[in-house]
Each structure stands twice: as C-alpha cells, then as structure tokens.
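Structure first, commentary second.
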Amino acid sequence: MDQAFSFIDHQICFAVKSNSNLAVLNVLAKLGSGFDIVTGGELARVLAAGGDATKIVFSGLGKQEADIQKALEVGIACFNVESHAELDRIQKVAAGLGKKAPISLRVNPDVDAKTHPYISTGLKENKFGIPSDSVFETYQYAASLPNLDVIGIDCHIGSQLTETQPFVDALDRVIMMIAKLKELGIQLKHIDIGGGLGVTYKDETPPSVAEYANAMRPALEKLGLKVYMEPGRSISANAGVLVTKVDLLKPTNYRNFAIIDAAMNDLIRPSLYQAWMDIQAVVSRTDVEAKTWDIVGAICETGDFLGKERELAFQEND
C-alpha cells in the first residue's frame, strides 16, 4: 500500500478495530505505520505497542472527554469529528488544556458502497459523518472555535468494497466540497480517504492495492493535498486463522451440528452479517465419511455459528 501511493505525500493509519493485538500493532509500528483509533482504549494499546502518537488519527462517534484529553496530551495528528456536539466537546477540553486541537470533519457523501448494510457507512441514513447538506455550515462553525485547528476532511463509506467506483465517486464529491470550502476561506492541509478495500473470503474479486490507488491517482494528484488512509481488513484479514477443535458431534434428522470450542465471541462476522468464512480441517481425514455440517459454538444463541452446510469429514477432538 505504501508503494502504491508513493506518487503523493501520504500516511497509512492502520485501523486498530480490525486487529488490536499488541504484537500485531508493534510489527506495524516498526514498519512506520500510523494508526486509526476509535476509543481511548485503542489509543492506550497503540502507545503500549510503540506506535508514534504523531501518526494517530482519532475517529469514532463517541469520544469521551478523558480520551480527548489524553490524545491532546500525547499530540495525535488529528481528530476526525463526526458531529456538531463533538466539536463543542473537543473545544472545551482543548481550552481547558490551553491547546489547539487539530481536527478534520468526517463528511457523509451519500455514496452507496455496494456492501452489506451493516458495514456501509457513507449513506445519508447511516449514523456516521456530517450530512452533505450541512458540511459547510459545520466547517464554518468549527473554524469559529478558538481552540480548534481545522486542517482536513475525512470520508469513509464502508468496508469490504469489491470495486473501485464507489471510492472514486466519494472522492469526487469530497473534492467538490474542498473547492467550496476554499471559496469560504477554509484552506485544508490533508484529505483522509478512509479505508474499506475488500479482501477475498470466498469468490470475491476485490481490486488490488495498485488498482485501488491508480483509480484515485488522477484526482489526488490534481488536488495536491497530503493523503491519509485507514486500511484495516485489507491488511489483517487474510493474515490470520482461527484454530478450533471439534468438541461434540450432534447429528439429527434435520441437520448435523458440530459443536466447536470457539464461538461468535471469537469470530462475530458470520453471526453479525451472515459473512462466509472458509473452514478447513487442519489434518484431512480419509477414514471418516464427509457429511454436511453446521459449525456452531456453545453460546446460548441460535445465531452462534461460524459456518452452515459445510461438507467436512472429522471426528470429535479433531
């Protein structure tokens, strides 16, 4: 990703929500990554893992005053602000510390990311960002607050995107906003293009990082601002596996259930938005007949499954 965006001044900020393991964060910090956080807890993890505070962007809808204060004290790069009320909260904390808080506004461009509704974030009915019809009013209000330094604009339309056009459409709308803001006397230093690049779980064919970068290159080069980006899933998803054990087999006249020693609390995607995850035996068996199984956890929820109707051959303790 760093190579793909080498045509412009940029900062990659790994989305900590996608994998907050301290060792993973430490590896990324050593490679020069910045970090996209959404809570004070994530801030603490990044700092404990050796992350550079000046490469942290603080996103999220519900930043607490104590978290804002800590972020200002360690000197993060920017707050991605999602509401009018949040501007007031950051102004209050920054004034109390005698500091100026660097902020960008996360705008909602009303672009369909063509992904699952639960992970689509850029439509006007979503809870995220400043609605497009109040962007300029909100920017002018932010610029009027004495302890805020308005330096950027941010847009993230969702995750697991498998084509480049929604990214390009959102970028075009944000660039139009930047031009209008310039007319209003608000000169920005950076644009944050968010994350959302998809990965292959089954038969998806997401664009490569190079294709993703090249699709946005003409507009970004013409704009000439520093670019922040917040990849998460596209870095972490295919870099790991969940290893679990078959605890009990429960065949019935209706379905065959394999109860495993992992559950929806370990891997929530299938339960949350019917995501498909590949399931394989660590050691293939030829001495057991393959059957169609539902792979389920032991949590008291019917939604506690990791996969349904999978053709697998295994025994208890495999």
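Cβ atoms are placed via backbone N, Cα and C, with glycine included.
Unlike curated records, TrEMBL annotations are generated automatically.
Note that this is a predicted model, so its numbers are computed, not measured.
The average pLDDT computed over the domain 'Orn/DAP/Arg decarboxylase 2 N-terminal' (6-237) stands at 92. The domain 'Orn/DAP/Arg decarboxylase 2 N-terminal' annotation in TrEMBL covers 6-237.
Non-local neighbourhood of K17 (N6-(pyridoxal phosphate)lysine): D36, V38, E42, G232, each in the same chain, at least six residues away, with C-beta under 8 Å from its C-beta. The N6-(pyridoxal phosphate)lysine annotation in TrEMBL covers K17.
Of all Cβ atoms in the shown protein chains, 6 besides its own fall within 10 Å of the Cβ of C300 (active site, proton donor). Taken from TrEMBL, the feature active site, proton donor applies to C300.
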